[in-house]
Amino acid sequence: MGRSRSRSSSRSKHTKSSKHNKKRSRSRSRSRDKERVRKRSKSRESKRNRRRESRSRSRSTNAAASRRERERASSPPDRIDIFGRTVSKRSSLDEKQKREEEEKKAEFERQRKIRQQEIEEKLIEEETARRVEELVAKRVEEELEKRKDEIEREVLRRVEEAKRIMEKQLLEELERQRQAELAAQKAREEEERAKREELERILEENNRKIAEAQAKLAEEQLRIVEEQRKIHEERMKLEQERQRQQKEEQKIILGKGKSRPKLSFSLKTQD
């Protein structure tokens, strides 16, 4: 019992440490992604600010130039101060330049305040987004931790389902291969049977032709034997006839037998 408990505790510690390492790596990757997003947003914001500043400068410069033109067109050549003295054009130009510089300073300060406010708003927005993202990540981790067993069961179920599907597909593939092999074997057997039948037919035809040739040869041999017998009989008959004639001739020559003719002699008288 003690050994099993120690083994289970070591397994659980190893599992917890591996899960902790996985969580730490996920949090590090998320922090790196956040830092990259923050840097990109800052660079985009700085570009927007520079464009805004350039537009505002050009706008203020154009406005100052237009004001100077209007003042030149509307201002009289000389002015009189409160004491009735004529004010020279030089002093009026100095006042205009001073007023324009003050307006430029005021515009620059206003633009600076606007930029400062935009930067502060952007920082607040980024901090809010960061906190929201951290809160969402924390909630997601908590939810994943709560649903860990359910997720593991779902993963195991999907793995088992995929395994069953793969086993089924493998069995179907093996069955298709077996059927294909059976069909190929059947086709080979059918082809061999057809070849065997063709060979048997050819052999039968050859045997029939050989039998016919042998029968014709036997008939021809019988005919030759019969002709030879007839010739022999004819020879025998001729030989017997020749012998008979020879005997007859011998009998005639030797005078044997009744068949010898009588000789008659007669004398004729002369008148």
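Every residue, even glycine, has its Cβ placed from backbone N, Cα and C.
Here the structure is a predicted model, which means the values were calculated and not measured.
Swiss-Prot lists 1-29 (among others) with the feature compositional bias 'Basic residues'.
Per Swiss-Prot, compositional bias 'Basic residues' is recorded for 37-58 (among others).
The compositional bias 'Basic and acidic residues' annotation in Swiss-Prot covers 66-82 (among others).
Per Swiss-Prot, compositional bias 'Basic and acidic residues' is recorded for 91-112 (among others).
Marked as compositional bias 'Basic and acidic residues' by Swiss-Prot: 236-251 (among others).
The phosphoserine annotation in Swiss-Prot covers Ser58 (among others).
What Swiss-Prot records for Ser60 (among others) is phosphoserine, and it gives similarity to another entry as the kind of evidence.
Annotated phosphothreonine per Swiss-Prot: Thr61, in sequence order, evidence recorded as similarity to another entry.
Annotation source Swiss-Prot lists phosphoserine at Ser74 (among others).
What Swiss-Prot records for Ser75 (among others) is phosphoserine, and it gives a large-scale study or a structure entry as the kind of evidence.
Among the features that Swiss-Prot reports, phosphoserine is placed at Ser264 (among others), with the record citing similarity to another entry.
Mean pLDDT of the predicted structure over the region 'Necessary and sufficient for RNA binding' (1-72): 62. Annotated region 'Necessary and sufficient for RNA binding' per Swiss-Prot: 1-72, in sequence order.
Residues or ranges marked as region 'Disordered' by Swiss-Prot: 1-112 (among others).
As annotated by Swiss-Prot, region 'Necessary and sufficient for transcriptional regulation' applies to 73-271, with the evidence given as similarity to another entry.
Residues annotated as region 'Disordered' in Swiss-Prot: 236-271 (among others).
Feature annotation from Swiss-Prot assigns motif 'LXXLL motif 1' to 170-174; the stated evidence is similarity to another entry.
Mapped onto DSSP helix, strand and coil, the compositional bias 'Basic and acidic residues' (236-251) counts 16 helix, 0 strand, 0 coil.
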